[in-house]
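Engineer: Below, the features straight out of TrEMBL:
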- 375-444: domain 'DNA2/NAM7 helicase helicase' (DOMAIN)
- 491-554: domain 'DNA2/NAM7 helicase helicase' (DOMAIN)
- 565-734: domain 'DNA2/NAM7 helicase-like C-terminal' (DOMAIN)
Amino acid sequence: MAPKTRTIYQNLIDDDHPPILVDDEILESKLTKELFDTFFEGSPSLRRVGLAPIFSESGTLCRLALAVRTKAIIIQFHAKGKGAAAYKGRGVLSSEVLCNPDVMLLAFDFNKLAMALFAELGLRVRNGVDIQSACGTDREPLATIKFAVGDDVSVMEENVLATFESSTLDTKHMNTFALQAWVAQCLPDYPSMEDLFQGAHTINTEAMSQMQLRLFAQLEHGENRLALNAPTATMHEYSAVNTRHNIAHLRADRFQNRFMKNERTQKVTVHDHQTGLNISIDANVNQIDGRNTSLKTKINLDGRTITSVTTQGRDGPTRADMERQSTMLQALQGKVNLFDNPFLQHMLQPSDDFAWPETFPTSDTIPPIVSLRPLNDSQQLAVEAMLSNTDDTRTTIIQGPPGTGKTTVIAAFVTSAVSAGVTGIWLVAQSNIAVKNIAEKLADVGFDNWRLLVSNDFHVGWHEHLYESIVKNIISSGEFKRARRRPPRVPVFLCTLSMLSHPLLHIFTGVNPIKIVVVDEASQITLGNYVAPLQNYPSIHKLCMIGDDKQLPPYGAEDSEYMQSVFEIEHLRSTVLFLSIQYRMPPLIGDVVSEVVYDSQLQSNPEHPVPYETPSCWFVHVDESEEKRHETSWHNPAERATALKIAEKLQAEGKEYCIITPYDAQRSFLEEEMKASGLVWQDKCFNVDSFQGNEKDFIIVSLVRSKGLGFLSDYRRTNVMLTRCKRGMYIITSWDFVWKRAADTLVGRMAAKWGDSVWVNPAHITVEEA
């Protein structure tokens, strides 16, 4: 296929630049030295090439835009499995451009591009310059371009924002990628910029070993792909709409799709009562106070009713994301050596001559365990390893299946360590809920000498009720500056892993340096998320990681080999300690989970209040069960009706319960229908990922699917879903689906274990007499 050639004109900088001749869709197999000779014709001896990656919808690097002053080409890469001849052009691309010593490569976010080239295509670069770091600006391309061209040249801001809005393939807008590459190479031409770019630290992956690059990709590339797969718009759930002139006041209903104060635009659909038309108008967030949000629109809202609000664009990176990316960029530029950190070296680059720093404190004695509650043998071994201060236990990894008392172990460690005079203990987790659960356990065992740091965004207006029993120990991020005057001198702090990147955290680490870090939910945390904290806090001398690789993996791990947790590091597997007794589930359920998921290594509490012979799980057959598509999710109306009937029964009986479902559409519809039916609906409906670490006496599970397995083919998530109950569980589905399509899943194995006796008809579910 011949390339598509056309001429385009740049519309990013209000300055004289010649037209750009674009050759589009050049297959990599057609790349030749002659093609690049023509491409470089007229370029100076030290050539500058702008690069811009183009990714598929799944996040794979599928094309690459290259540009010089008056030309741009877009190279299309073949998919895997095409045979050697299809990929021969990569060698030409490498020798003529990417690893050519006479070529300076320039790109925005070059660290991400370098990792994608290596991880996806096996390609390296020699003289790569990251535009933003060369200019010393923030990571937004608009700010960088404005800095480079100076005050005397105008930048067409809206055009720049539109050009850099996406790096995902859109064949109707290929010019935007050519322009991304073109503007990258033109910035050094502006006054005083050439010296800045010539003196910039370069990225040279050609000089790095295969192992080193694989480690860098493991730490960063999966996260980059995940960001590319993030939704490009957020549909908001809200109520209590109030409008006056061009201001709309709304109350957000759901934290997951809350409004955020940033540069993104809201698309507001309104119904005009005079014309009867629905129209879309632009708006921006004006003010946020917890759930309460005001939007400012560009036209008058009087006489119009808001019917929907959608925020355009992806969520930006968090502070933790930016710190990780910054650290990885510096590592690629050779400014820092990640493996100078002993923990990263021990985890990722082990060697026979590895030794922990002599400055780390060591002791042959283990402090006595101080615990209000008796510990079983496996818990005691775990606490002893956490308390131990030897090189062999410097990194302690504990696997805790559902209900095995992970927070009990953490609490016993904390009380024992503090009793022995240890300070600088920081307890962290991926989620706010997991951190809150640890805090409640500390309070429950009578230990009060700690503070929990929580983000204002999560706390204020949304989740204050979760912290009512521990409110005096809470410091929200809005109170950090006030705490500077009298920082709390406590031996223990709790926060999310991302909070370790807060710019004001030094207020607390200054009086209580981080020495021992205990990480809960470690099986959900990618290795890359440890990089910045370990680099930023060299005072850390012990790392305890607790999780379960049979439950939720890191988000996105199913789609990327690079999204690994510490539990996937092969040489560390032999050191993992296993908590072997579960106390949550009735033994009837626990024994099946043990057999199917944990190789029969997980025992159930023999003194569980629901003995083995007492029924504790019911499969509820819904004859009309039928899965239905809803946008990108699934729902099942017949299963919802049954779930509401069971919920009504449990509420009438005064039993504690919640409903779990794999699909967010089903969760959303369930919540709406519970509200409409007069049932208590607050904090009752959850999808699986948001409920790990939680439990309730009774769990109602709506499987939703009736044809495809979908979620049920994932043992880890199914394990979470089916291990949340303390006294009983209702699984709503259909007989045919379980016995035929789902027979080999954890659900099917449960049904096979118990036989026909656990199946019930919804008509037979009645309220028990008090």
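Each position is counted from 1, following the chain as shown.
Backbone N, Cα and C define each Cβ position, glycine as well.
Automated prediction, rather than curation, is the source of TrEMBL annotations.
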Engineer: Determine how many residues of the domain 'DNA2/NAM7 helicase helicase' (375-444) DSSP places in helix, in strand and in coil.
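Structural biologist: Per-class counts: 41 helix, 11 strand, 18 coil.
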Engineer: Give, as a single whole number between 0 and 100, the mean pLDDT over the domain 'DNA2/NAM7 helicase-like C-terminal' (565-734).
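Structural biologist: Mean per-residue confidence for the domain 'DNA2/NAM7 helicase-like C-terminal' (565-734): 95 out of 100.
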Engineer: What is the number of residues in the domain 'DNA2/NAM7 helicase helicase' (491-554) that are helix, strand and coil, as DSSP sees it?
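Structural biologist: Summed by class, the stretch gives 21 helix, 15 strand, 28 coil.
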